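Student: Just dropping this structure here.
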Amino acid sequence: MFILINLKAYPRDPVAIAEAAADVDAETDATIAVAPQTADLAAVAETGVETWAQHVSPVGHGSHTGSSLAERAAEAGAAGTLLNHSERRLKLADIDGSLAAAERAGLDTVVCANNPDQVAAAAALGPDAVAVEPPELIGTGTPVSQADPDVVEDAVAAARAVDDAVDVYCGAGISTGEDVAAARDLGSTGVLLASGVAKADDPAAALRDLVTDV
Ligand SMILES: O=C(CO)COP(=O)(O)O
């Protein structure tokens, strides 16, 4: 399983969480990756943990003030990038442009989507993976794999029907090893989560719990 910890804009030390994630990654067959704020990419990558950007812009070098260049994310040590997260929605043309930018920079890509129809549309753009994250469950602590298992299974089927080379992940409310195992049993090969680690009293213990059954 691929387990991506999205630190969003939570007020936690990204390096401490990255170090804990690197330790747990070394103890398990799962791959644990951390997506910090853009300014923290290099420091997180230096811990040795697989590092992801939360977003990259659909542009290359040039006059694009305020952009997040895919090339700079890669140079800072990122291996991949989220795109179209529920909290960073993009127009269709921008998802396509950001995918092209990520591919030019050698970044892996996960395009997020609200539901199976959007998953199918996202899969048609040719990312490495798509992730279904029902917005109403994000941050609730109620795991999508329990609250809405059909949405995960339907997302897997929707992506398969378009392109069976695209991996399918799920996210929202995932916080325990049981949630990760349930996501896997529904056909997902990875999970995205944030508050289960970024708001935990003990992030290292939360990370260890995530991999108890992978
Ligand atoms: O948005 C998410 C991951 O990208 C999910 O957030 P929570 O894990 O806080 O529900």
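Count begins at 1; order follows the chain as displayed.
For all residues, glycine too, the Cβ spot is worked out from N, Cα and C.
Remember, TrEMBL labels are computer predictions, not curated facts.
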Student: Looking at TrEMBL, which one out of Ile95, Ile138 binds substrate in the same site as Asn6, Leu7, Lys8, Gly173, Ala194, Ser195?
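Tutor: Given Asn6, Leu7, Lys8, Gly173, Ala194, Ser195 bind substrate in TrEMBL, the matching entry from Ile95, Ile138 is Ile138.
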Student: Are there binding-site residues among Asn6, Leu7, Lys8, Ala194, Ser195 that sit within 10 Å of Glu133 (active site, proton acceptor), Cα to Cα? If so, list them; otherwise say none.
Tutor: none
Student: Check the binding-site residues Leu7, Lys8, Gly173 for any whose Cβ is under 6 angstroms from an atom of ligand 1, and report them in sequence order.
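Tutor: Near ligand 1, sequence order: Gly173.
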Student: Tell me the Cα distance separating His85 (active site, electrophile) from Leu7 (substrate binding site), rounded to the nearest angstrom.
Tutor: 13
